[in-house]
């Protein structure tokens, strides 16, 4: 088999001379930190979304034409509904594997958006958006917005009671926009709500237009990551000019394929054992049946919460009235603009215009970290407020009280979160400096000649002629706080869950591990020497 593949490869290379370029690309190095896999979860979720979505399009009809249901779900037999809702029921109960695929599609959509949010939080808190990666930050924000819009259109297509309520709320927000609201509503819905062609428009946007744009932006995002090299956390041998990690072939590729399989398995498990969006319990959309408990998916819930806690501040211009929901749209627009512009805002305020390939620990940038926590608290409070009717019902609390708790909380708790986070970051910085200056606490108590007791510290570096540690500079890397991080702990025995490995296997494994460690030390020393020579040649030292 390998000989045949080699023959095919030689034939291709003789025609297209690809070996040189491919060899350089597959030798590219990627860092190994676990947080870099958060973006891959979004990528694999999108692939699963495409595969499951193609299957669902074979059976779904987005028509709003009214029909009388006569299918497998007996409680709804004889009920008038749209063809969209009827085909969604048929997919759930009559198409082989339809319910599994539909639920997997929904779970993958949630995973896609949430993983993008968490991925962008990692980018924000570690400073990976700084120059020269501002463009990738903007692409990420646009991807997040498109992912939310794609998810909203997706769960609006079945035309059930919940999706109809969501569409009606969006229709009201759009119409409430001054000057452009009516025109935007006509462009999106094709007329008054509900129009005969709105689901057809959403369907085209959901299965063709937005996925195509997302696919193109993902390709651009990955191309920029590939071209600009991956960021990495500070550490031994790591500089702004290199990347330390594993090669893309074969280790990184195998790990990525395995991680994709894990993502697929996890979503399959969720789709198989949990029910999500049980549209048969809701019935078709009927405005007279709208009630409490009408919440959207988690990534849209915060917008619903903003509409619920916003005071009824209406604007009056002559004979024209701008409803209070207008302020929700304004708030969303301001947040999107701030999110896109943040890299330039920080650069303007800090004066930092340098190229950065090394990441920052959140504790080392307390202002940014505190702003991020403040924004996260703001988002969580709005999300909780999106279900204030559920909270009020479950805990027998006044809905008006829940609304005011949300309003006051949005003012008080983000400010408290900023202050507490800032002080925590400063405290963590001082803790790192103390270890670098005095060493690691050993837990050994020593009595001095004068009777005082002190704790013995293990220095991290050299000591002076009096035995006192010489303070080490902080390099931005993780500072060890325990002795076992320096190798003082006992070596763990090798083996499986039920017993240790044979002595010969354990000895051989330890020898290999020791050889790998020596090779790593030699490689790091060579890298440091090359960096020193280059800096010396460029006049930096």
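The first residue you see is number 1, and the count goes up from there.
Including glycine, each Cβ sits where the backbone N, Cα and C put it.
Some features that Swiss-Prot has for this protein:
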- 36-56: transmembrane segment (TRANSMEM)
- 105, 206: heme 1 binding site (BINDING)
- 109-129: transmembrane segment (TRANSMEM)
- 119, 221: heme 2 binding site (BINDING)
- 137-157: transmembrane segment (TRANSMEM)
- 169-189: transmembrane segment (TRANSMEM)
- 207-227: transmembrane segment (TRANSMEM)
- 256-276: transmembrane segment (TRANSMEM)
- 325-345: transmembrane segment (TRANSMEM)
- 371-391: transmembrane segment (TRANSMEM)
- 408-428: transmembrane segment (TRANSMEM)
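Distance between Cα atoms for residue 119 (heme 2 binding site) and residue 206 (heme 1 binding site): 23 Å, as a whole number. Here residue 221 (heme 2 binding site) is positioned 21 angstrom away from residue 206 (heme 1 binding site), judged by their C-alpha atoms. By the criterion of other Cβ atoms within 10 Å of the residue's own Cβ, the least surrounded of the binding-site residues 105, 119, 221 is 221. Tertiary neighbourhood of the transmembrane segment (137-157): same-chain residues 60, 62, 84, 88, 105-106, 109-110, 112-113, 116-117, 119-120, 123, 129, 163, 166-167, 170, 199, 202-203, 205-206, 210-211, 213-214, 217-218, 220-221, 224, 277, 296-297, 299-300, 336, 339-340, 342-343, selected by CB-CB distance under 8 Å and a gap of 6+ residues from either end. According to DSSP, residue 119 (heme 2 binding site) is assigned to a helical segment. The two recorded residues, residue 105 (heme 1 binding site) and residue 221 (heme 2 binding site), show a Cα separation of 23 Å. For the transmembrane segment (109-129), the neighbouring stretch richest in Cβ pairs under 8 Å, chosen from 36-56, 169-189, 256-276, 371-391, 408-428, is 36-56. The Cβ of residue 206 (heme 1 binding site) has 23 other Cβ atoms within 10 Å, all protein chains considered. In this chain, the transmembrane segment (256-276) lies close to the transmembrane segment (36-56): three or more C-beta pairs between them fall below 8 angstroms, excluding pairs fewer than 6 positions apart. Long-range neighbours of the transmembrane segment (36-56) within the same chain, counting only residues 6 or more positions beyond its ends whose Cβ lies under 8 Å from a Cβ of the stretch, are 30, 91, 98, 101-102, 104-105, 108-109, 111-112, 115-116, 118-119, 122, 207, 211, 214, 218, 230, 256, 259-260, 263-264, 267.
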